[in-house]
Amino acid sequence: MLRYLLKTLLQMNLFADSLAGDISNSSELLLGFNSSLAALNHTLLPPGDPSLNGSRVGPEDAMPRIVEQPPDLLVSRGEPATLPCRAEGRPRPNIEWYKNGARVATVREDPRAHRLLLPSGALFFPRIVHGRRARPDEGVYTCVARNYLGAAASRNASLEVAVLRDDFRQSPGNVVVAVGEPAVLECVPPRGHPEPSVSWRKDGARLKEEEGRITIRGGKLMMSHTLKSDAGMYVCVASNMAGERESAAAEVMVLERPSFLRRPVNQVVLADAPVTFLCEVKGDPPPRLRWRKEDGELPTGRYEIRSDHSLWIGHVSAEDEGTYTCVAENSVGRAEASGSLSVHVPPQLVTQPQDQMAAPGESVAFQCETKGNPPPAIFWQKEGSQVLLFPSQSLQPTGRFSVSPRGQLNITAVQRGDAGYYVCQAVSVAGSILAKALLEIKGASLDGLPPVILQGPANQTLVLGSSVWLPCRVTGNPQPSVRWKKDGQWLQGDDLQFKTMANGTLYIANVQEMDMGFYSCVAKSSTGEATWSGWLKMREDWGVSPDPPTEPSSPPGAPSQPVVTEITKNSITLTWKPNPQTGAAVTSYVIEAFSPAAGNTWRTVADGVQLETHTVSGLQPNTIYLFLVRAVGAWGLSEPSPVSEPVRTQDSSPSRPVEDPWRGQQGLAEVAVRLQEPIVLGPRTLQVSWTVDGPVQLVQGFRVSWRVAGPEGGSWTMLDLQSPSQQSTVLRGLPPGTQIQIKVQAQGQEGLGAESLSVTRSIPEEAPSGPPQGVAVALGGDGNSSITVSWEPPLPSQQNGVITEYQIWCLGNESRFHLNRSAAGWARSAMLRGLVPGLLYRTLVAAATSAGVGVPSAPVLVQLPSPPDLEPGLEVGAGLAVRLARVLREPAFLAGSGAACGALLLGLCAALYWRRKQRKELSHYTASFAYTPAVSFPHSEGLSGASSRPPMGLGPAPYSWLADSWPHPSRSPSAQEPRGSCCPSNPDPDDRYYNEAGISLYLAQTARGTAAPGEGPVYSTIDPAGEELQTFHGGFPQHPSGDLGPWSQYAPPEWSQGDSGAKGGKVKLLGKPVQMPSLNWPEALPPPPPSCELSCLEGPEEELEGSSEPEEWCPPMPERSHLTEPSSSGGCLVTPSRRETPSPTPSYGQQSTATLTPSPPDPPQPPTDMPHLHQMPRRVPLGPSSPLSVSQPMLGIREARPAGLGAGPAASPHLSPSPAPSTASSAPGRTWQGNGEMTPPLQGPRARFRKKPKALPYRRENSPGDLPPPPLPPPEEEASWALELRAAGSMSSLERERSGERKAVQAVPLAAQRVLHPDEEAWLPYSRPSFLSRGQGTSTCSTAGSNSSRGSSSSRGSRGPGRSRSRSQSRSQSQRPGQKRREEPR
């Protein structure tokens, strides 16, 4: 409290002194205050406080001293700031801060204060507070450090807050400037402290200064000369410590004055030609363009300003000359560009020279006045001469020719040699024009004709090292001289390899490859010259020389003198005759012409002429011509015909200028056509291409000529093309398999140009299009079975190539008599052997090339004569035997025969197997017979409409075996029957003793004709010998039932039916019915065991398929047995048929049963089912059975059960002492393994039975059987009664067949059979009937019935007392795998 009071007083004192202003220095004020308050401190402070106890000053204490002075600060609003201050002293001084002389409150003194005093003495501002009205943090701050010795004050430090306003005092504005002009953007930043700096941004990027072009001064942006790239959005940026401010964006638009990308240029054009002035400009904004003509207007109706701003003027004339200007304007400027137009007018004749006739020694003058722009130059020239006559030219040495400045030609002292055409030519840059006039000398003759070459060089193909003679015989007046050129170059006379003879022939010795080329013979005289050319080529096929022609080896004779038949102003028609006396045949003609006005040489005006008349076209009007004709043959050209009489063409209009007819020909002669390699496009088609060099403006078309190359040199076929730009064509229809020689000439208005070098190309071969000629057949000398066929090749035009072979066919009336043979291409005959005498054959021959066989010839019929000692049929038969022997030796026949034999054997084996199987099944059926009581089952499902019996093989039969067997209807009552067995002895282990499928199918077959269930017979018999049993049609379910376990012998028919029943065909019984002995009931079956014992032996029932309930029951015994009167034989009772006929009727049992002795009627008791008895296999006694007693009720049950069948304690007293059977079950088609599974047999015909037959009179989906179980099979060893029958010779045929089948089956491998022990099943012999007691007949089921017959699961009644226990026991017992059944003899 005292300290707070002192501090308060100190602050009040300081504040009062500052207001009074007496003391200027705060440090002095504080010292005075300290000294004045020393006594007060001494009295008020505690005596132990050394800081204010002046009487206890230590020697090391010191007054405060400011070590670190606070600096001036410039901070931003809202930002933190720190004023440092550090002091030294002893004791450590306290730091205080004053603002503008007032004490600064910190958080230590006032929690509401926003300033902090740091331990180092610095004053910290977490956030500078600054507003327009309140500025609490801005001011002058002083740091004071004090201890008891005194106080020290720091320098005054100012704290200022930086400020920058938002509004620019002047924002930049938009600027529009042209390219190259300066631009200025002004900007005045907003107010702020400190004063903000200014920078610029262009399109969001900082703008940098460019030396000399872009500068920033005082906030202004200045560009000395703008560029197109300077256009954009500019922003002025003002910045200081308080931040940055951006102005509104200002756009700088840099426009572009019009500038020319393409300027119009000066042009010079011909009159009537179009002209185009180009003008392309650029600018921003796009400039507008317009055209104007200096000192005039644009030609109305003849100009057009197109979309690209170019100026087009059509059909210009001299008046259109001038300067044309393109003007481009936009908002920032204007530009102009000009081009001049000069129109040249070709020279034109003002005065036309006229033809004149003068006598020798006279003077003549030819006028030739012209005009044009620019003015043309005029000169004269005589045709055929190289001398040019110009105006003002000095006179010739003769002094007879001169040209005036106006273009007039003067000739003085005309001579005979001055005759001819004189040409006036006017030439300027705009073109040229010529006019000619004819000077005729009176009395002139035709002695001055140019030389004529009688025989010139021909085209030749040579081999290296040979010698060649190139002839050149000439004639003329005066006699011409002969010189030779090779490839356009003169041959030197000193060359030793080339030698020119006196008659002009050129001799070349030891020809080399360098000597090949184009040779020309030139005959020259004072009257003119003539040229003849030919080429030499090297032969490629050295060893093959072409066959010489068969014609005379000399050229054709000279034709007759041509005669003029028709004259026009442009054409002359000539006619001549050939010379048939000498030389080779004429293939064509060549026509040459000479005109004194056209030059001093003969020119070819037509070639390849086929007829003896021709019209020469393309001639000049009013011109004299002379003609001669040559014939062309295989050996070259003939000598020329006599020269025709001079003929003048008709005159044309005199006002029309005459043009030079031969000047164009001279220009065409300079046009070089180079033929390229032809391309084969397809059959008979070539593409020909060429290039042209020289004055192409004279070319108006081309002539393409081709022919078949060869020594004969066929005629040329010509194709004229009228387009000068076309330099390729397609030749079609060329003969295949030949060499085609091709050449090309340029065509002009004046005629044809020089020929190109010919090119040869091969055409692909084709099959001959024609048959061989002259096919003939002659009998051969090689016996009577051969002929000789001869022929000639097809026509040359139909061969289509080189014949490589001939195909000969000799066709008989059947294909087996056909013969064919091939012969070489050079052959003309062939012999065919092996013909059958007496047969008519057709013989054909066809030629073949590499492309295929051609058209065959017409058939030629031939028939060989038969020998006189044999008839025609025998001869043919002998031929057939030979051919049959050949066929039998063919591998294909042998293979086919083997395959057929194999298939036949397989079919035979299958038939035998099927037959044997049928015998087995029928024998089973024959051996079985049934007496079954007609009992209706209320719960039966899926049964036939003719029966209400349960499905066979499923449930135990509710009745005991009947006492005696049913005698066969055909048996005598007095016949002696052995007792103890009803089946044949020695049964096969694989055999079944009942026919499930047969009886079921028979029931299905006869079900339609039977009565209702209630009307059926009580007992039925099965007659194996009856006719009805011989036709069993199978009606099997399409899907077999599931696995029935080891009791598949009671399975539905489809599981046991063999191949014999697959198709539902008839089954033929081969055996005879067996007479069965009668047995007594007590001898055959023991009494049943008690129900308590049977309940312990129940087996699994769930495996039985087709049942709707999981349990079985035994139906009650009938109240009375339907017995018939006993037969006279004793012991056998005959059941009367409903219709009183002995024929068999539908039976509902599959195995033999005896008649049941009637018992007194008792109320029906609930039956006790014994399913385990169904699973007990039967035992077979080793010897003949003795009569059985009732004390053995469990006689069919195995003594040693498998793992799946547990024997209860009550079952052992009733087991039979006979040996146990083997493990394998006797069910056909399946084998019972010891683990309780069924394995399919090796041969399985089931898959074939799944297809439903067409006729299904009877079908059960879920009924495994309708009949009682089969009888027990006999033992392996024959019973005593069977031995007695065998000894008595009474064995039936069926027994004998079965005995044979058993022997055959023994050879079958064990894997395909059911391996059975001879003692596998127990055979229960029938004995005389005995009667059961009432309790035995009503309370229990029959033992044999339990073992061999099971009631339908769908017709079960009430359940016995021990059913659930027995079913669970059967499940547990059947699930013990791996335990095999073993049978050990007891």
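Just so you know, glycine gets a Cβ as well, placed from its N, Cα and C.
As annotated by Swiss-Prot, compositional bias 'Acidic residues' applies to 1099-1112.
In the predicted model, the domain 'Ig-like C2-type 3' (258-342) has a mean pLDDT of 91. Sequence annotations record features per position, and here Swiss-Prot assigns domain 'Ig-like C2-type 3' to 258-342 based on sequence analysis.
The N-linked glycosylation site feature in Swiss-Prot is assigned to ASN25 (among others).
Sequence annotations record features per position, and here Swiss-Prot assigns N-linked glycosylation site to ASN34 (among others).
What Swiss-Prot records for ASN41 (among others) is N-linked glycosylation site.
The N-linked glycosylation site feature in Swiss-Prot is assigned to ASN53 (among others); the stated evidence is sequence analysis.
Annotation comment: Swiss-Prot describes ASN156 (among others) as N-linked glycosylation site. Long-range Cβ proximity for ASN156 (N-linked glycosylation site), meaning a same-chain Cβ under 8 A and a gap of 6 or more residues, is found for VAL140, TYR141, THR142. According to DSSP, ASN156 (N-linked glycosylation site) sits in a coil region rather than a helix or strand.
What Swiss-Prot lists as N-linked glycosylation site is ASN410 (among others). Non-local contacts of ASN410 (N-linked glycosylation site) by the CB criterion (under 8 A, 6+ apart in sequence, same chain) comprise SER363, VAL364, ALA365, PHE401, SER402, VAL403, SER404.
In the three-state DSSP assignment, the secondary structure recorded for ASN459 (N-linked glycosylation site) is coil. Non-local contacts of ASN459 (N-linked glycosylation site) by the CB criterion (under 8 A, 6+ apart in sequence, same chain) comprise GLY534, TRP535, LEU536, LYS537. Under the heading N-linked glycosylation site, Swiss-Prot lists ASN459 (among others).
For ASN503 (among others), the entry in Swiss-Prot reads N-linked glycosylation site. Sequence-distant contacts (6 or more apart, same chain, Cβ under 8 Å) of ASN503 (N-linked glycosylation site) comprise PRO471, CYS472, ARG473.
Sequence annotations record features per position, and here Swiss-Prot assigns N-linked glycosylation site to ASN784 (among others) based on sequence analysis.
According to Swiss-Prot, the N-linked glycosylation site annotation covers ASN813 (among others), on the basis of sequence analysis. For the recorded site, ASN813 (N-linked glycosylation site), the DSSP three-state label reads coil.
According to its DSSP assignment, ASN820 (N-linked glycosylation site) is in a strand. Over all protein chains present, the Cβ of ASN820 (N-linked glycosylation site) has 11 other Cβ atoms lying within 10 Å. Annotation comment: Swiss-Prot describes ASN820 (among others) as N-linked glycosylation site, evidence class sequence analysis.
Positions annotated as transmembrane segment by Swiss-Prot, on the basis of sequence analysis: 892-912.
Rounded to a whole value, the Cα-Cα separation of ASN820 (N-linked glycosylation site) and ASN813 (N-linked glycosylation site) is 14 Å. Counted with DSSP, the domain 'Ig-like C2-type 3' (258-342) comes out as 3 helix, 49 strand, 33 coil.
Its Cβ taken as reference, ASN813 (N-linked glycosylation site) is surrounded by 12 other Cβ atoms within 10 Å in the chains shown. ASN410 (N-linked glycosylation site) falls within a strand when secondary structure is assigned with DSSP.
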